[in-house]
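Swiss-Prot has this to say about the protein:
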- His442: active site, tele-phosphohistidine intermediate (ACT_SITE)
- Arg540, Arg587, Glu684, Gly706, Thr707, Asn708, Asp709: substrate binding site (BINDING)
- Glu684, Asp709: Mg(2+) binding site (BINDING)
- Cys756: active site, proton donor (ACT_SITE)
Amino acid sequence: MAYRFIKWFEELSKNDVPLVGGKGANLGEMTNAGIPVPPGFCVTAEAYKYFVENVKVSKEDVKRILGEKVNKGTISEVLAQAPDEPRPLQDWIMDIISKTDVDDSKMLQENTEAIRTLIKSLDMPSEIAEEIKQAYKELSQRFGQEEVYVAVRSSATAEDLPEASFAGQQETYLDVLGADDVIDKVKRCWASLWTARATFYRAKQGFDHSKVYLSAVVQKMVNSEKSGVMFTANPVTNNRNEIMINASWGLGEAVVSGAVTPDEYIVEKGTWKIKEKVIAKKEVMVIRNPETGRGTVMVKVAEYLGPEWVEKQVLTDEQIIEVAKMGQKIEDHYGWPQDIEWAYDKDDGKLYIVQSRPITTLKEEATAEEAEEVEEAEVILKGLGASPGIGAGRVVVIFDASEIDKVKEGDILVTTMTNPDMVPAMKRAAAIVTDEGGRTSHAAIVSRELGIPCVVGTKEATKKLKTGMYVTVDGTRGLVYKGIVKSLVKKKEEAKAEGGQVVVAGAPLVTGTMVKVNVSMPEVAERAAATGADGVGLLRAEHMILSIGQHPIKFIKEGKEEELVEKLAEGIEKVAAAFYPRPVWYRTLDAPTNEFREMPGGEDEPEERNPMLGWRGIRRGLDQPELLRAEFKAIKKVVEKGYNNIGVMLPLVSHPEQIREAKRIAREVGLEPHKDVAWGVMIEVPAAAIIIEDLIKEGIDFVSFGTNDLTQYTLAIDRDNERVAKLYDETHPAVLKLIKHVIKVCKRYGVETSICGQAGSDPKMARILVRLGIDSISANPDAVQLIRQVVAQEERKLMLEAARKQLFEEEEEEELF
């Protein structure tokens, strides 16, 4: 075949993704649309393919390049089995990958590093090198220079592999100077196709490693005086009539990576009125390395530009409007709102567009008629939006679980507050509305997991709404409309036809901090697993046990223990199988007495003034060991089927003796802690946080913060009482100090730390937890992707801050709290 190694932007369009990847194709498309894109060319995917298929590598080459690495592990095995004659680099790569267990992180790191080293160390074929040199020479001549500064970026090309899957995985090199340096950076881009996390992702998604290629974009470097990103639809409010611009000093990497908090400007389309300006404190900026003339460094704004520049508005009002209008032009070309990277070049003062991609998080825009209908619809009730989405139908008001049969498929369930006994009715409902509760209440948690719209804390739903009425529930905004609002229902149906509220992870980022998911019911295991979560940080026992329709102790006393064990085992296995080999942490029963009392056979349950502080969790489990024993028997059944990914998590622990006694009961039924299952505890009681070292010495593998309880116990706030809900704050300094202390001690002893409370689904809390060094965060199914993005961003910030600290030799930073 005739290979095409180089393609100029002018020769490309959006249809050339297979040849130059999404990034390269997009730059070509914009160039030909008259957008001011810095000129450049792409080293095509065919060049990479030619490189790996035509560069012959001998055993001696491998030994010379990899040195001591060839004497151990996979590389040694591959060498021993390889033929003596030189063979294509691709054969070596595929042999190494075929023998790599991607779940063995040490092996994965070592083997992918070996592949990258081979790619970077081998000479570029002369036929490719000469074309790159000639193209670079032509690019330099366009600017009347012998050598021009360029940026070299990777661009993924597999048509069935979204480029988003490579986000943060392949390399970008800025301020590259000279043809030889360009060739080196192209090879480094190619090598980044084989990072551990990119390889892991492809393996887990079932992609064929041999059919994934990489193009490298070589583009004239904008020597940015000011730069940033813009969204041609407001990503916060979903308002398509607004453009949001973020701006900071220097090169755009500081903004894109999250290393700096940029200025934020909101511009109204059409009128070009600047509606809002938030001037940030911009501490750092990225510039061309002044010492080497190559690459970039991060410097302090106060030292490089002057103290007054830290809080100075980056863009003039005229520039804000110029950037906004350019964004509108790009959106008009593509016909969809765009996420755009822009920069002002300090050499010529002109605005340039570096990259543009569609915003994928927007919902379809309502028509003017639909918007008017929503505006005119009568809001009859307001509360807290607890689970997003739209639900419309006939109201059914119930007050206890004995009435759940009244709720039919598609009804709107209205009640004071839901409980586990109502779950069968909740599954049938089109939406749920409650008088009481907050975003951490039972109704909120279960609705989010089921994907059912829910509004909580309305105070008067059961009074204002009558059985037989028709209403439309907006679980996103916390509103209940009178009657059926057709435009909202239409949007819901369109979303459903397109797959509904998508939680499936098309291309999850790989983060150092694991992002897990909370699961209440085995029925949603597949949906939860599809989020791409790294495991289950909380599998609740309550719904499985209470769904038997009878008080579990009465069930056991009637000689039905084996039936209970089977039902539990069936549910646990369903989740363990959906996530295997990812870990699944099962929390033993933690239902308060009021939930037991409402069940058939629960008439002997004690009346407690505050059940949340009463007979529940492990304290009840040890008082009624027959129930805990049944749970352990169920887990043993699942383990015996080969599921070695289960952990046991004890709730409401406050003393080491509770751990010791629970282990004794587990061993009685043949379940061996630390061997058959991982063993851990919930940190929900301040006492557990304070004596964490004693709990660790009793023998635990992991802990998980139950912040819903930890917060209410620390602050003396009933989380389901809407009168004090405004005081409920998981980020209260006292709560955070307890969490920080536990993480610090657990790190010292090698005990894994996680969180499974509602706070794990809060981006603000996730950022704090990453900085505190937590090992994993377990979120609700609908929040997994958001939390993973937040975690990835915060981890990048930490790495950049560490680099800056080393660069500036700063004093040790203040503690977060």
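We number each residue from 1, going along the chain as drawn.
Cβ coordinates are placed from backbone N, Cα and C, and glycine is handled just like the others.
Positions of Swiss-Prot features highlighted on the structure.
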residue	record	contacts (Cβ under 8 Å, 6+ apart)
His442	active site, tele-phosphohistidine intermediate	Met417, Thr418, Asn419, Pro420
Arg540	substrate binding site	Asn518, Val519, Ser520, Arg587, Asp590
Glu684	substrate binding site	Gly617, Pro651, Leu652, Val653, Phe705, Gly706, Asn708, Asp709, Leu710, Tyr713
Thr707	substrate binding site	Glu730, Val735, Ile739, Ile755, Gly757, Gln758, Ala759, Gly760, Met765
Cys756	active site, proton donor	Lys516, Asn518, Gly537, Leu538, Trp585, Arg587, Met682, Ser704, Phe705, Gly706, Ser778
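The maximal spread of the substrate binding site, taken as the longest Cα to Cα distance among Arg540, Arg587, Glu684, Gly706, Thr707, Asn708, Asp709, is 15 Å.
Arg540 (substrate binding site) carries a strand DSSP state (E or B). Highlighted in sequence order, Leu538, Asp590, Pro651, Met682, Ser704, Phe705, Leu710, Cys756, Gly757 have their Cβ within 8 Å of the centre of the Cβ atoms of Arg540, Arg587, Glu684, Gly706, Thr707, Asn708, Asp709, the residues recorded for substrate, and are not part of that set. Of all the Cβ atoms in the protein chains shown, 25 others lie within 10 Å of the Cβ of Arg587 (substrate binding site). A simple way to gauge crowding: the CB of Gly706 (substrate binding site) has 27 other CB atoms within 10 angstroms, across all the protein chains here.
In three-state terms derived from DSSP, Arg587 (substrate binding site) belongs to an extended strand segment. Secondary structure at Asn708 (substrate binding site), taken from DSSP and collapsed to helix, strand or coil, is helix. Its Cβ taken as reference, Asn708 (substrate binding site) is surrounded by 23 other Cβ atoms within 10 Å in the chains shown.
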